[in-house]
Amino acid sequence: MEIFPAIDLKEGRCVRLYQGEFSKETVMNEDPVAQAIIFEKFGAKRLHIVDLDGAVAGESLNLSVIERICKAVRIPVQVGGGIRSLVAVEKLFSVGVDKVILGTAALYDKTFLEEAVLLYKEKIIVGIDAKNGFVATRGWLDVSEISYIDLAKQMEKIGVQTIVFTDISKDGTLAGPNIEQLELLQKSVAIRLIASGGVASIQDVKKLNDMNIYGVIIGKALYEKTIDLEEVVEVTKLC
């Protein structure tokens, strides 16, 4: 199983939100580049970065920070948030990003998504963020009328190989992942799944590993030290 430490960027800083609420932010590190270096030092093999400002604005607003992170670490970096054109995708790849996560665009601009998947294949990941089972977009500020299962099935038909699934109600809560929704997703599509939201303990990670989930994104649990990064990397190596 792949472990993805999370760095959420807002106004150039590393922050955590509670249940996706921008009004409930906590600054975890004023220097996201330093945070990325710390994660690499303690064994991270990959990083997951979200441009929160970009997700709301519809364009990358933390590109310079992302570029500095990519230059500072030697591990692959995947990035999401506000990526809604091929130009934006290409710009991220040009600064060293390994994989790009499309969210809002996957729901509202299928032509762009299809072109991106055709050009970049497995380098394009789709982020599906669910609120009460329905897909949320534009930085989680809007909730659509499409279920997360239906969108996942559409993504599979287009040729998307990996989905990041987030249950917004679990995000930043340390309440454990939404196993029920993940199991339903697994039964519905044959796509690699990266679980996000609520992971609080090594036991949570082991549970996801037992389900054959491809990867897990860990945020608050690392910052609040309810999960030790070195330990979780070692544990998942042995599984």
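Glycine residues also receive a Cβ, built from the backbone N, Cα and C atoms like all the rest.
Per Swiss-Prot, these features apply:
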- ASP8: active site, proton acceptor (ACT_SITE)
- ASP129: active site, proton donor (ACT_SITE)
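The DSSP secondary structure for ASP8 (active site, proton acceptor) is strand. For the pair formed by the residue listed as 'active site, proton donor' and ASP8 (active site, proton acceptor), distance between Cα atoms is given as 15 Å, rounded to the nearest Å. Counted within 10 Å of its Cβ, the other Cβ atoms near the residue listed as 'active site, proton donor' come to 25, all protein chains included.
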